């Protein structure tokens, strides 16, 4: 069993991005600039945004954090989005989800200029990805692809089971793994909360992407020997073992599943670091206008 070390791979990509940023500066050009909007005080969102800002600093990016209280009205947020759309100094920006319930996430996402949508959530980017055109790929699916690529996992002709159908992970990674490129050319089965015989599907899988958001959903009796398992789950659970009083738990019961795997990603330290670095790479692509001129 090989542990897929997302931290180590992300560190390699950091070096690659840092060199590109240094060259941009040497050429007398503007550093990549990522902005983030955070509404409210959700603990997970606070942590994620702090990590993104920290990574920007490490890479030599410029970053801007815009904070609002949870009682922010929708129109004010939409006005901020439009301001960022028009700001030529901002290469890309994200809106940290989830938003308070009184704000329509879809309406806000659709208000973003798709050329600055480095999260890859805008319908234009989602549609272009679906038909194989250049676009900003959502960060978590992009990170998963990079793990498969860096560990040289064979995907062509393999049966991949995706557990979960969210717009952020499940649907896009299923689409990407079907594309005519590496990593891809998989036969993909998407399972979700209404799927019958999930056990049967999982036992037939060569690759499993676990993104249900259910702690330890995938157990040892659900996988065959030699399977590749990528755990996307990051549920915060109470714990007396940590100073913070909680720990992250993945969608895979690691101790049972890992011995049967050829490759497996851990939680934490697997997909998480890859997600953040993939967002940074999207920001660099936006700065260089590689995808959209």
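Even glycines carry a Cβ here, placed using N, Cα and C.
For the NADP(+) site, Swiss-Prot records 164, 165, 166, 234, and the single candidate of 193, 262 listed with them is 193. If you take the C-beta of residue 165 (NADP(+) binding site) and look for same-chain residues 6 or more apart in sequence within under 8 angstroms, you find 171, 174, 190, 192. Each of the binding-site residues 193, 234 was scored by how many other Cβ atoms lie within 10 Å of its Cβ, and the smallest score goes to 193.
Around the Cβ of residue 164 (NADP(+) binding site), a 10 Å sphere holds 24 further Cβ atoms from the protein chains shown. Residues 164, 165, 166, 193, 234 are listed as the NADP(+) binders, and the farthest two of them sit 18 Å apart at their Cα atoms.
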